[in-house]
């Protein structure tokens, strides 16, 4: 690759001397054709547009700065022309300060760089017959009308080679390279052309010129308006078709035209929407099962014996609970938790257990079937061998290749940006920075916990006074609920702030690492960002699920944080409901925040841009100026779309045992998300530079890691956060002799047996409440549910036999559930191959055909040449060895 680049690009590098005349773009006036995608001659297609502000009209402090910027731009444009590109400049119709430089790549340039970039192009039509699916008749109801968006023709393809030009399927030179491929080739050139040399260090690439403000924008053109068809009859108006048949809300139940999306935006955009659509379709099954489990909980909540005991005035009404904090908290009646216990019956049911097991298996099916679908797309979109053949070295990496090392395989010298020691230093620094930020997030979580512990005292002392007499509010707005909601909101704000800061830090760290290819760069950045986001988003949920209320001691000997703050206990309804509240606030808040960021912000910016250019309504404006007013897509591209969905995937799988409706909400959100993302791309953003992508990158192993972790988290939520295991232990062992008094297995008496008794006279002075219980109560019960021997017992306040049975049952449940699900996951992964037999046959057929077509002519030529040589040799031999008498 380096040799090829040297042959094609390096000869044109070098700062042009001051006295030498520079090549300049051809200046033309706008021809009043608003939908034209060609130069003024109507023949040469516009493949890219560069926008800059006229230096003579730019307002800057120093004239020398304007002169330097102009010189760099002129050298850059001259070197573009030296590379074979053709440029045409036009002054803006709306703003005279803006200059639009249109770039066209001629046929020779496209062929040269297509070979350098190893771009796959069609050889001949695909002659493999596709077997129709039994569900084709059904899926046809949801497909886009083939008369509107025609299916793409399937071809066998091969890496382009100029010497084998005749073997490729070329009907028309103007259409052989589609617009997406043309833009990709031009962007490759723009990223590698030099504009200055300073201290023997070359400065090159359009990205640096954009960062320094020499150019204001660089983008390929949309082919039409999204509101109407192009007035140019030669334009296919693909943007308009995508908006009408894909992005419009009326298509919410239709399948996506993935091949058409890939054709217009490139493989990287196409693979994202393919994955998102596949994930959404798979969520349909999970949502149906989740709703079924939820309805089961709703139907059986009235038969929930332990909830009935809590609400029964003769049982729960006679149980007095101990204060939940020191001094300011008072005694309270168990019946206060009646409503929350009814809600808990919905989520803490056997249906939840079934659903947790189902989701552990569902996620395996999702990942395995996605691998098969991804393999099909790799073949259909010509990315099977993309990483090995086509992916180019990043310009930033090339610019730093100053160290010479010997390649262990080829034994030849090659240039690298750093030595082995330098790479070790970089990795150490980057790893330390990542761990520092993760520790910073953990510190913020600890801060939120301290807030919860301290503010609970305030709410306990003041909340009841402010809402006194308002029974309806008092019934639901308990100190625990108020603390949980406010802490969740603060946690959400902290998450968003740290998210904004860490994004910039992660980019700086990844730039410092200097990855070799764009795929390496994106995978490295993805890993860093997800590690951060994982801790940022999930830490509070892990705290509530597995730590809150687990290490509280008992009323006579509570556990304190930092020696000052008493460890908080669960909400009277249990930590499961609080976990659901936390999930709802974070997921809901994140969805609202993302929609504001992704949809409203670009919409408002575009509206402001249109309003500020009021003169536009009176003038005919060309397509490149319309596109310039749109928003740039950003350097991270689809990163945040992937991150949003993967974080959602984590909430759907990691904590699904606490909220069976999560897949349904995710399904509804994703159906809207597909159309919102499509609407955003087609209407609010400039056209992205088409990029190749073989798969979803580093997100694939991240999803697999979440799937493995989800089995553990859901098993632990059921075992330690829910009340299912203690209820089962009571039902089968402690409701009947020798531990219980009932003659048959029952849940009656469960509440009374699980709430430990505490003598109020054993309170420490530091914990004793200011206001005693008004009755003659000498004991109280601990929240909830603690299994200890009562006062007066020789082991008073120590854990009883019931507690150890429950612990053993919880550990056994986790081990059994994990092993069963992991075994089923292994069987599924083994049975379902990653690549279908049909795809394997297509790949083998294409390789065979490529070898046959590309090398057959060469072999014929060799045979023809060798045949002539052989004839001459034979004739010469005949003359030499012919008998003399002849």
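Using N, Cα and C of the backbone, Cβ positions are placed for all residues, glycine too.
Caution: TrEMBL annotation is automatic and unverified by curators.
On a predicted model such as this, the values are computed, not experimentally measured, just so you know.
The domain 'Anoctamin dimerisation' annotation in TrEMBL covers 38-258.
Annotated domain 'Anoctamin transmembrane' per TrEMBL: 261-846, in sequence order.
Sequence annotations record features per position, and here TrEMBL assigns transmembrane segment to 272-297 (among others).
Residues of the same chain lying 6 or more positions beyond the ends of the transmembrane segment (350-370) and with a Cβ under 8 Å from any Cβ of it are 275, 278-279, 282, 285-286, 289-290, 292-294, 296-297, 300, 652-653, 656-657, 660, 663, 703-704, 706-707, 710-711, 714-715, 717-718, 722, 724, 817, 820-821, 824-825, 828-829, 832, 834. Per TrEMBL, the feature transmembrane segment maps to 350-370 (among others).
Within the chain carrying the transmembrane segment (434-461), a Cβ under 8 angstroms from the stretch's Cβ atoms is held by residues 324-326, 328-329, 479-480, 482-484, 486-487, 490-491, 494, 498, 502, 505, 509, 528, 531-532, 535-536, 539-540, 543, 561-562, 565-568, all 6 or more beyond its ends. Taken from TrEMBL, the feature transmembrane segment applies to 434-461 (among others).
Sequence annotations record features per position, and here TrEMBL assigns transmembrane segment to 481-502 (among others). Using a Cβ-Cβ cut-off under 8 Å and counting only residues 6 or more beyond its ends in the same chain, the transmembrane segment (481-502) has close neighbours at 437, 440-441, 444-445, 448, 451-452, 455-456, 459, 463, 529, 532-533, 536-537, 540, 568, 571, 578, 581-582, 585-586, 589-590, 593.
Annotation source TrEMBL lists transmembrane segment at 645-668 (among others). The list of residues near the transmembrane segment (645-668) in space but at least 6 beyond its ends in sequence, with Cβ under 8 angstroms from a Cβ of it, reads 276, 279-280, 283-284, 286-287, 289-291, 293-294, 297, 347, 351-353, 355-356, 359, 363, 530, 533-534, 537-538, 541, 545, 576, 579-580, 583-584, 586-587, 590, 699, 702-703, 706-707, 709-710, 713-714, 717-718, 721-722.
According to TrEMBL, the transmembrane segment annotation covers 702-721 (among others).
What TrEMBL records for 811-832 (among others) is transmembrane segment. Cβ atoms under 8 Å from those of the transmembrane segment (811-832) belong to residues 356-357, 360-361, 364-365, 368-369, 372, 707, 711-712, 715-716, 718-719, 725 of the same chain, restricted to positions at least 6 beyond its ends.
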Under an 8 Å Cβ to Cβ limit, what residues of the same chain, 6 or more beyond the ends of the transmembrane segment (272-297), are close to it?
255-256, 258, 261, 345-347, 349-352, 354-355, 358-359, 362, 365-366, 369-370, 373-374, 377, 638, 641-642, 645, 649, 652, 656, 660-664, 666-667, 670-671, 673-674, 677-678, 696
